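Trainee: This structure is in structure tokens; I'll ask about it shortly.
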Amino acid sequence: MSELPPYDSFLLVSFGGPEGQDDVMPFLENVLRGKNVPRERMLEVAEHYKHFGGVSPINEQNRQLIAALQKRFDANGIDLPIYWGNRNWDPYFADTLRQMKADGKKRSLAFFTSMFSCYSGCRQYRENIIQAREEVGEGAPLVEKVRMGFNHPGFIAAMADNVSKAAQTIGASPARTKVLFTAHSIPMGMADNCDYEKQLRESCRLVADACGAVDWDLVYQSRSGPPSQPWLEPDVLDAIAEMDDAKKLESLVILPIGFVSDHMEVLFDLDEEAAQLCRERGIKMARASAAGTHPDFVEMICGLVQERLGKLNEKPALGELGPWHDVCPQDCCLYTPRRPPVAGGRPVQAN
């Protein structure tokens, strides 16, 4: 077996997003292709994007993250050029890998902009990259991801700092306000085959301990499947209403811990809908920033890269779960969605 070439590049792996009104529907068609999502739901989400001029902030935030990473790579002696590829919009994975091949790159380390393990946040990206390599053909660079950093000290410190800063804006402290951690809901069929919930709860606990939050909960947002399909709950809006009904909420901090950047789902679901609900109920609400370009988060990514380059002797991790694996097991995060019954027949497994 031939020896693997050394790592010669870094790939930022992301979801992608529209950058204008004309991009919105083609982008959403990419996102929802092959999924059992009602068209009315797609049109509803399209209105969310149009509310913000058809521009998702995710692309600009990825550009800012790349710029911040480049500075830290230079400072830490990491001599890897940075590339960027998306699942659902420009720059697409195949286009990026094609450019990397043209640049003579053979083997890349990748950071997935998802801190928690599940099919859509990890395995699907790996499948996307395999498909892109097949499309590029002979000479396409190898791509290997760094480990999940959900319990890395850098991520926990960044999240705790953002919660504390948000609490200050409403004259509170994490110890004296309700804190809700939100993550993207996923189908129960997906959640049952991965460590998404376990990692989220551990990360939330670690952040709460780090910032002194006493009264906190994990809730979910942004579900997109049909009503008949069970997804992770409770929904953030339902949770706020139920908590306020049970015991009047004076103040609330919401941290989108499951999202790396303040992209469209964060802006609409939290800054629009959750904020409106809190105004109607007289709750002082502050939304903490996602990880973004927080210095501790950026330094964490550098550290994960240095681990794989053999420049660190340890793998920092807080809590009980320890450092996550570098290489995903073969059956990691498997998910085969079921199609709805057709003409009264039994559900058919998707290929």
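Every residue gets a Cβ built from N, Cα and C, even glycine.
Among the features that Swiss-Prot reports, Fe cation binding site is placed at H184, E265, with the record citing sequence analysis.
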Trainee: With H, G and I counted as helix, E and B as strand and the rest as coil, say where DSSP puts E265 (Fe cation binding site).
Mentor: helix
Trainee: What is the number of other Cβ atoms found within 10 Å of the Cβ of E265 (Fe cation binding site)?
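Mentor: 20, counting other Cβ atoms within 10 Å of E265 (Fe cation binding site).
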Trainee: Run through the Cβ atoms and count how many others sit within 10 Å of the one on H184 (Fe cation binding site).
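Mentor: There are 23 of them.
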